[in-house]
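S.K.: Have a look at the structure that comes next, please.
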Amino acid sequence: LGRMKPVIVVHGGAGRIFKEREEGCRAGVVRAALRGYGVLKQGGSAVDAVEEAVQSMEDDPHFNAGCGSVLNEKGEVEMDAIIMDGKNLDSGAVSAVKCIANPIKLARLVMEKTKHMLLTDHGAQLFAQAMGIPEIPGEKLITERSRERWKKNLEPDSNPEEFQKDLGTVGAVAVDSEGNVACATSTGGLSNKLIGRVGDTACIGSGGYADNHSGATSTTGHGESIMKVVLARLILYHMEQGMSPEVAADTALDYMKTRVGGLGGVIVVNKAGEWAARFSTKQMSWATVKDDNLHYGIYAGEKHIKSVDEALASERE
């Protein structure tokens, strides 16, 4: 078997990224991509790499996942996450989980330690306990910014819809040296959402999908719109019809926009290691590493390129 050159692509959410948060978001996706690539370079699997990258962003308060998640109507954090292995189509997901630092880790355990694919709320909590995942106080996940936003949205004349453009779901896709693909996605959901609301992230085919026969994708944006068109699976369908990752992504995002008025963003990698990061929102933070080169950006058309060595050196400073 010819060895594949590994590739990782990550996103830190599509939407509107406020000026003062741009640097943090750029740095966060770059760090996640470098960490995921590090796993791949050492011969690690695509599944290991996407889990590592997403965990890095869950731990980063700049993103709406793990620490930094937005709050539901009651002022609590409820998180969703999914992971999928393109080799055998195994997947694990959790929804509406509270009081754990890394929902993506729990999703992976659901995939590997149960016969199921999705555990929710209290059941997911019991499973986390059984797996020895430490519970942390919900407050630990709440940033000043999330609480401020929640309060603002409670004001009678507020429009939570306005704020929901700044979404910040996180995700990663990868192809490893064996040619296996994987995806992972994690989110705190929509600000001031109803208790128990679960969006696209935990839903296979919507928040993510991975199949060695075609590729892998992770999505971000308006969850309900993404679910209506089953966005992740739609992109892979277009690739199965012969489209490149970029054309497949644009075609699917365009369909979501015209059909249901939904905006979002996606990262894609195909089985040949070609990748794309595309979005219909104003912005999406993304980064990718391929051939020891790091590419990253936030705005449409923006693309910085650095060598991995140079990027790692500035990480260490």
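Cβ from N, Cα, C; glycine included.
The following feature annotations were taken from TrEMBL:
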{"type": "ACT_SITE", "residues": "THR169", "note": "active site, nucleophile"}
{"type": "BINDING", "residues": "ARG197, VAL198, GLY199, ASP200, THR220, GLY221, HIS222, GLY223", "note": "substrate binding site"}
S.K.: Could you check which of these binding-site residues, ARG197, VAL198, GLY199, THR220, GLY221, sit within 10 Å of THR169 (active site, nucleophile), going Cα to Cα?
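M.R.: Cα filter at 10 Å returns THR220, GLY221.
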S.K.: Assuming the binding residues for substrate are exactly those in the record, ARG197, VAL198, GLY199, ASP200, THR220, GLY221, HIS222, GLY223, what is the maximum CA-CA distance in angstrom, rounded?
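M.R.: Among the residues the record ties to substrate, max Cα distance equals 16 Å.
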S.K.: Using all protein chains in view, find how many other C-beta atoms are within 10 Å of the C-beta of GLY199 (substrate binding site).
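M.R.: Other Cβ atoms found within 10 Å: 23.
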S.K.: Taking the Cβ of GLY223 (substrate binding site) as the reference point, list residues of the same chain whose Cβ is under 8 angstroms away and which are at least six residues distant in sequence.
M.R.: GLY189, LEU190, GLY199, ASP200, THR201, SER206, GLY207
S.K.: Among ARG197, HIS222, all listed as binding-site residues, which has the most CB atoms within 10 Å of its CB?
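M.R.: Output for this query is HIS222.
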S.K.: I'd like the number of other C-beta atoms within 10 A of the C-beta of ASP200 (substrate binding site), please.
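M.R.: For ASP200 (substrate binding site), the count of other Cβ atoms within 10 Å is 30.
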S.K.: With every protein chain in view, what's the tally of Cβ atoms within 10 Å of the Cβ of VAL198 (substrate binding site), excluding that atom itself?
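M.R.: The Cβ of VAL198 (substrate binding site) has 21 Cβ neighbours within 10 Å.
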